[in-house]
Amino acid sequence: MGIGVLCGLLAGAFWGMVFIAPKLLPVFSPWELAIGRYLAYGLVAFVAALPLMKRIARKLTRADCVALLRQAFTGNLLYYVLLAFGVQLAGVGPTSLIIGILPISVTIMGRRDHGAVPLSRLMWPLLVVVAGIACINIDLFGGGQSAHAAAAGAAVRPVWQKLAGVCCAAGALVCWTLYAVDNARYLQRNPQYSGNEWSALYGLSTGAVSAVLAVIGWLLAGDTLTAGDSGRDWQWFWMVNAAVALGASLIGNNLWNIASRRLPLTLSGQMIVFETLFALAYGFVFDHRWPRPLEIAAIVLLMVGVAWSVRLHATDKSA
């Protein structure tokens, strides 16, 4: 189980990168960010899959293709579009806060799975996680964020913009909850695929869907995308997306597949909290500031909640 927990932690470290990409590319729309990221991911996955293609092709079924396309749309494209809208409208903090509810949503959905610890035993660690999320809420919407923005000379976001960003982040939460549960259950039912093989297939399917959307977007708005006064730096765009594709999509997803195979769904759901912690840390670095007291309290509470859950699972397994 230790390897599964470590892989879940590292996956969160790589996934935290995705919250910073919209801040690095503010002139690009969320759809452009999502399509660019997953086109790059598809190319990286294609190169990684070449040595495996003969072996994978013999295993692949129609049901696998349907599952891959379903997961590619919900867990990648739609999720990242909504996440990027959330970051651009509400900021990294509120968006990562909403995504931080994933341990609770995934745990609740996986409570009937084999190997899951009863939800009644997880009540206290989940309450600790909720307390951590509440601390971030109080800080962000109780004036902490506005005070920081005023001190930095940045524009304070209007309430409607924050609410729209929170709604987009909530939509991303739903998408990723469905993906996390679907992916974990499918991998456990299909042990013939290794983490590398499924990650490669996942990347290929996402790249294919992104390519179709890219062609449609080019036909509808090609002149706007290439206009000289649009402010779009396409070289920087592809550099950022290549880094996110390699780190967050390929390596992060591969690590997550390993964690999903080794951990019960209630515990793998808890591992997702590391994405929130790393996203917050990267956000502090990007903003050139230290976390505020309530943010520190939130980080500590989230880590305690996850560690407590790991201990409960280890005790249950040894018994």
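Backbone N, Cα and C define each Cβ position, glycine as well.
A TrEMBL annotation is a machine prediction, not a hand-curated record.
Look at TrEMBL and you will find 3-137, 164-309 tagged as domain 'EamA'. Look at TrEMBL and you will find 36-53, 65-85, 91-110, 122-143, 163-181, 201-221, 236-256, 263-284, 296-314 tagged as transmembrane segment.
Proximity of distant same-chain residues to the transmembrane segment (296-314), defined by a Cβ-Cβ separation under 8 Å and at least 6 residues beyond the stretch ends, is recorded for 1, 5, 100, 103, 117, 121-122, 124-129, 131-133, 135-136, 139, 263-264, 266-267, 270-271, 273-274, 276-277, 280. Only sequence-distant pairs (6 or more apart) were considered; of these, fewer than three Cβ pairs between the transmembrane segment (122-143) and the transmembrane segment (163-181) are under 8 A, so the stretches are not in contact. Long-range Cβ contacts of the transmembrane segment (201-221) within its own chain (Cβ-Cβ under 8 Å, at least 6 residues beyond either end) map to 31-32, 34-35, 38-39, 41-46, 48-49, 56, 60, 64-65, 68-69, 71-73, 76-77, 193, 249-250, 253. For the transmembrane segment (65-85), the list of distant contacts is 18-19, 21-22, 30-31, 33-35, 37-38, 41, 95, 99, 164-165, 168-169, 171-172, 175-176, 178-180, 182-183, 186, 201-202, 204-206, 209-210, 213, 249: same-chain residues at least six beyond its ends, Cβ to Cβ under 8 Å. Segment contact holds for the transmembrane segment (236-256) and the transmembrane segment (36-53), given three or more CB pairs below 8 angstroms at sequence separation of 6 or more.
If you look at the transmembrane segment (163-181), the same-chain residues 6 or more away from its ends with a CB under 8 A from one of its CBs are 71, 74-76, 78-80, 82-83, 85-91, 94-95, 97-99, 101-102, 105-106, 109-110, 157, 265, 268-269, 272. Confidence annotation: the domain 'EamA' (3-137) carries a mean pLDDT of 85 in the model. Residues of the same chain lying 6 or more positions beyond the ends of the transmembrane segment (91-110) and with a Cβ under 8 Å from any Cβ of it are 19-20, 23, 83, 116, 119, 122, 126, 129-130, 132-133, 136-137, 139-141, 145, 157, 162, 165-166, 168-170, 172-173, 176-177, 180-181, 184, 264-266, 268-273, 275-276, 279-280, 282-283, 286, 295, 302, 305-306. Across the domain 'EamA' (3-137), DSSP classifies residues as 111 helix, 0 strand, 24 coil.
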